[in-house]
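Here's what TrEMBL has on this protein:
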type	residues	note
DOMAIN	93-215	domain 'Phospholipid/glycerol acyltransferase'
TRANSMEM	12-34	transmembrane segment
TRANSMEM	129-147	transmembrane segment
TRANSMEM	311-333	transmembrane segment
TRANSMEM	339-359	transmembrane segment
Amino acid sequence: MIRMGILQVLKTQLLCHLIICYVFLVSGLIINLLQLCTLPLWPINKQLARKINCRLGYSISSQLVALLEWWSGTECTLYTAPESYKLYGKENAIVVLNHNFEIDFMTGWTFCERFGVLGSSKVLAKKELSFVPVIGWMWYFLEIVFCKRKWEEDRKTVVQSLRNLRDYPENFWFLLHCEGTRFTEKKHKISMEVAEKKGLPKLKYHLLPRTKGFCVTVQNLRGTATAVYDSTLNFRNNEMPTLLGVLNGKKYHADLYVRRIPLDTIPEDESECAAWLHKLYQEKDEFQEHYRQTGRFPGPITSPPHRPWALLNWLFWVCLLVYPLCMLLLQLLLSGSTFTVVCTSAFCLAVSVGIRWMIGQTEIDKSSNYGNKEMQMNNN
């Protein structure tokens with residue numbers, strides 16, 4: 001018990017956070033460089049280059065999964081039908097996620113990791129993220145679908161990017177936060193005003209979904225993806241988990257309800273597909289209401305086993321990068337230069353703040369400005 005208490009205190013220390021940020025940043029830049037080296041391979045063997053980039057991308061994103069699963073010890077309970085469970089990880093799918101929590105993108109990646117598709121998972125992200133080191137550059141080589149938030153300009157680019165995935169050599173999940181931004185009371189009020197103007201049923205726990213991106217995704221992945229995984233996330237005890245809480249080693253317990261819906265049952269017509277998505281979110285609202293009242297989602301429970309690869313990858317980079325860092329810091333301390341020590345400390349602190357910002361930028365809600373009502377009306 002004393003040992004566990006010491007370990008928990010250690011996890012809250014700034015020095016540990018700095019080491020985590022340092023390992024993530026430096027390993028990420030090394031991997032970005034390796035991804036750059038795969039460019040000459042693309043015209044020779046495109047599929048091999050894609051497979052290599054999946055493994056390299058996994059080496060970055062799995063560090064965040066290891067942070068959630070192994071550092072903070074967060075548990076994830078899955079509610080799903082046994083017949084659907086057998087297919088997870090064995091087919092291409094579109095995953096529709098609710099967007100209520102700061103770390104729900106990490107939970108989505110954990111879902112991908114448990115079924116072996118983390119390295120090949122895709123998202124819809126804003127174009128500016130492709131210029132962000134580590135995560136953004138990784139996504140560029142993983143053929144992530146980028147957009148500029150102007151649908152008239154984006155449609156052609158998004159369609160082409162989705163069609164490029166038709167011959168992808170790995171099973172992939174395309175993760176979508178159809179609400180476009182994370183749920184807040186202010187955004188919910190604006191969203192429900194739009195719902196009233198459009199004559200749409202109001203939602204209690206979600207924002208109105210943006211239908212255009214979903215419909216285009218379904219249209220262009222039809223025949224490539226075989227199902228939509230409707231995923232609804234909540235955390236026990238009404239907790240609102242944060243990235244800082246995860247860094248401090250705080251343990252959360254996520255409950256994820258997943259329904260597998262065959263893609264061929266979703267209407268092809270855009271207006272019918274949009275109506276289908278609105279109905280889906282009404283059902284998601286009912287699932288959240290059920291959870292609030294009973295503390296659980298409907299259906300059988302399972303806990304997908306932890307895979308060791310995320311932890312082993314993280315430990316590999318820690319062992320590789322921390323030793324030279326310690327030697328460098330030791331030399332700086334022995335140099336006796338106060339100026340050097342102060343500058344180094346300030347640099348480490350800046351890196352820590354920068355990495356936390358960068359990780360926050362991976363959230364899909366940053367891909368749109370929900371406060372712009374006109375933009376929302378156009379996207380719906």
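Don't overthink the numbers, they just go from 1 along the chain as shown.
Using the three backbone atoms N, Cα and C, a Cβ is placed for every residue, glycine included.
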Residue numbers, six or more beyond the limits of the transmembrane segment (129-147), whose CB comes under 8 Å of its CB atoms: 24-25, 28-29, 31-32, 35, 38, 50, 53-54, 56-57, 60-61, 120, 122-123, 154, 157-158, 161-162, 164-165, 168, 213, 358-359, 361-362, 366-367
Folded-back contacts onto the transmembrane segment (311-333), same chain, C-beta under 8 angstroms, at least six residues removed: 19, 22-23, 26-27, 58-59, 62-63, 66-67, 69-70, 340-341, 344
Integer mean pLDDT for the domain 'Phospholipid/glycerol acyltransferase' (93-215): 91
